[in-house]
């Protein structure tokens with residue numbers, strides 16, 4: 001191979017020499033590729049022709065064989081970005097680097113997230129590459145107080161703005177002279193006075209624009225700094241030219257534009273300050289989550305209570321929490337009982353009763369009892385830490401709707417500069433032939449009215465505020481793409497057990513005396529069946545004392561038979577009673593039929609061969625399940641139930657909550673296929689589940705929604721997590737998505753519309769440069785302000801919300 005390149009990849013999943021040989025053989029089948037795979041080091045070294053192949057092709061080949069390639073992720077803080085052209089350029093350069101799988105740069109958060117192959121590159125190389133582009137970059141420090149850093153930066157912007165405004169205000173008065181024929185002191189019209197005021201604004205306050213423009217042009221790019229630097233420099237240096245003519249006596253009335261350059265810079269700084277201030281509010285939701293974390297814990301060591309910093313708590317430590325204190329970390333109660341306010345997690349204001357062996361979540365509030373607990377999850381593994389991580393990732397992610405804005409931003413500045421040059425040529429040759437000033441003013445107006453910032457901020461600000469507001473309500477979107485996809489959903493499929501129902505059977509009906517119940521519970525107490533557990537718990541709630549069984553026998557398919565204190569007990573169905581010649585009165589038979597029709601498991605009880613009672617057990621509906629289904633129907637969304645239960649039970653539950661479509665008797669492995677069937681009908685499907693067996697269906701669906709009380713596998717497979725299991729959050733999640741996407745469209749319409757309309761108006765000479773500059777400064781502020789409206793959105797779905 002004449003032109004060769006070498007790359008090394010870390011491979012995961014190899015177990016023997018056959019694995020490494022298989023990968024090596026497959027890679028070497030590619031044209032002009034020489035690959036060696038080492039099982040011991042778990043690395044593949046590949047020499048290849050870069051004109052024919054790239055690293056991603058080798059990764060796809062390895063993954064297609066069923067193995068993985070190690071990928072690491074790093075988050076970087078970037079400062080110095082001024083508009084969408086900056087973030088687009090950094091993103092493009094990072095994605096072209098060897099070893100980078102994917103890089104996204106968020107202008108709003110001023111952060112980059114990069115997935116890379118550690119054998120090809122590292123975080124330091126990424127930082128260095130960004131710095132070469134002219135921006136400051138560093139690896140994100142999670143322990144660093146980002147809020148105070150941003151507050152300092154905002155304060156610095158304000159100081160520069162004030163200084164610039166003080167120097168520009170006298171120059172601004174000159175504009176009023178031209179506009180309103182006002183009289184002002186002669187000093188204000190003196191060229192030297194104007195020069196002294198404008199120069200520090202241009203080259204000290206405005207130096208940042210020159211630096212930004214130079215760095216971008218040096219690296220073959222162009223951003224907002226280029227537009228500002230060129231536009232203000234044109235006005236400033238033309239004024240210098242006129243001033244020299246005045247000093248030489250060539251003119252007694254120089255046409256100076258010092259006020260244009262200085263006021264433009266001041267207005268742009270004002271817009272940037274307002275933008276930064278508004279952007280800081282977009283992360284309020286994350287700041288509020290961070291503020292929920294406990295700062296210290298009371299640990300029990302050698303019989304003594306000690307207060308220690310939260311970061312010193314380890315798994316297995318014994319902690320004491322008193323009334324009014326926050327639970328420091330996730331754990332399990334080993335002593336005491338209390339009520340816990342979990343509203344920060346679930347949004348539910350009513351405290352939850354907690355006893356020994358119950359789990360407690362870090363940062364929730366202990367209301368009224370002292371408890372002793374064992375720490376089970378600490379640091380970054382706690383529930384709150386995971387919530388914060390999901391919200392951070394969602395806020396820094398990109399929605400597919402942003403792609404068009406990103407593409408346009410990359411070409412925006414060169415196009416605007418070209419339009420400005422064309423404007424100058426047309427004016428000086430056709431509109432006002434040979435007259436320099438009108439051509440200059442029109443071209444400056446074109447340069448300064450164009451705003452790539454609004455394009456870059458349109459989507460990420462809405463995503464940040466929208467996902468933050470959703471998180472405050474217990475709805476966690478994993479990323480911008482899930483926000484965008486959710487608004488398209490027209491069909492929602494709900495798992496039954498643990499999703500629509502509580503997943504814990506309870507006694508719903510009982511007819512009989514306490515003695516019969518005591519004997520029944522005693523007979524069932526050694527069984528691990530959920531129905532037996534429900535009966536035993538019911539008896540304990542009645543404070544009945546359970547004794548011991550003398551004999552016990554299960555009657556397969558029919559029930560049980562037991563002897564307790566010389567009493568013969570039969571518990572089961574009609575067949576069991578009939579086999580023992582026990583007749584059923586009509587009202588008992590009718591009750592049995594009624595319970596079965598309602599999807600309940602009904603059991604007859606006979607003591608000493610006489611019917612003494614009937615009991616019904618069922619998995620109860622979750623609170624608000626019926627209301628949630630109704631809201632989804634009101635939004636025009638079809639709702640279906642998917643369950644492995646028999647059709648009668650499923651139909652009974654569906655009838656109670658108002659679900660029309662029931663898919664029952666489904667094996668766990670068939671759930672994903674049922675989702676695919678609905679998708680083949682052209683439906684956009686969301687699957688809601690909580691168990692391990694729901695994970696394939698959650699992945700297959702257009703959107704997977706996991707119930708937060710469910711398994712980690714289900715939560716990992718889903719794009720949205722509903723904290724606490726309240727089904728009312730499902731229509732709220734869909735509404736949050738719709739409201740956020742609607743807000744993004746408004747922003748994009750404004751950003752595109754502003755530039756499409758503003759640039760031609762400026763080119764026609766209908767706007768003074770300072771008016772154009774003010775419009776540019778306020779355009780990005782308006783986009784951020786519109787996004788901030790989402791902070792106040794009430795997550796109340798509308799009927800058939802579009």
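Cβ atoms are placed via backbone N, Cα and C, with glycine included.
Listed in Swiss-Prot:
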type     : residues : note
BINDING  : 16, 19   : Cu(+) 1 binding site
DOMAIN   : 72-138   : domain 'HMA 2'
BINDING  : 83, 86   : Cu(+) 2 binding site
TRANSMEM : 161-181  : transmembrane segment
TRANSMEM : 192-212  : transmembrane segment
TRANSMEM : 224-244  : transmembrane segment
TRANSMEM : 256-276  : transmembrane segment
TRANSMEM : 411-431  : transmembrane segment
TRANSMEM : 438-458  : transmembrane segment
ACT_SITE : 495      : active site, 4-aspartylphosphate intermediate
BINDING  : 690, 694 : Mg(2+) binding site
TRANSMEM : 748-767  : transmembrane segment
TRANSMEM : 771-790  : transmembrane segment
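Counting other Cβ atoms within 10 Å of each Cβ, the lowest count among the binding-site residues 16, 83, 86 belongs to 16. Close to residue 694 (Mg(2+) binding site), meaning Cα to Cα within 10 A, are none of the binding-site residues out of 16, 19, 83, 86.
The Cβ of residue 19 (Cu(+) 1 binding site) has 13, 39, 67 as same-chain neighbours under 8 Å, each 6 or more residues away in sequence. Under 8 Å from some Cβ of the transmembrane segment (256-276) lie the Cβ atoms of residues 82, 150, 153-154, 157-158, 160-161, 164-165, 167-168, 171-172, 174-175, 191, 194-195, 197-198, 201-202, 205-206, 209, 228, 231-233, 235-236, 238-239, 242-243, 440-441, 444, 448, 453, 457, 768-770, 773-774, 776-781, 784, all in the same chain and six or more residues away from its ends. When the recorded positions 495, 690, 694 are scored by other C-beta atoms within 10 Å, 694 scores highest. Of all the recorded positions listed here (83, 86, 495, 690), 690 has the Cα closest to the Cα of residue 16 (Cu(+) 1 binding site).
The secondary structure of residue 495 (active site, 4-aspartylphosphate intermediate), as reduced to three states from DSSP, is extended strand.
For the pair residue 495 (active site, 4-aspartylphosphate intermediate) and residue 83 (Cu(+) 2 binding site), the Cα-Cα distance reads 45 Å. Taking DSSP states H, G and I as helix and E and B as strand, the domain 'HMA 2' (72-138) has 23 helix, 24 strand, 20 coil.
Cα separation, residue 86 (Cu(+) 2 binding site) to residue 690 (Mg(2+) binding site), rounded: 42 Å. Across the fold, the C-alpha of residue 690 (Mg(2+) binding site) and the C-alpha of residue 83 (Cu(+) 2 binding site) stand 42 Å from each other. In the predicted model, residues of the domain 'HMA 2' (72-138) average a pLDDT of 87.
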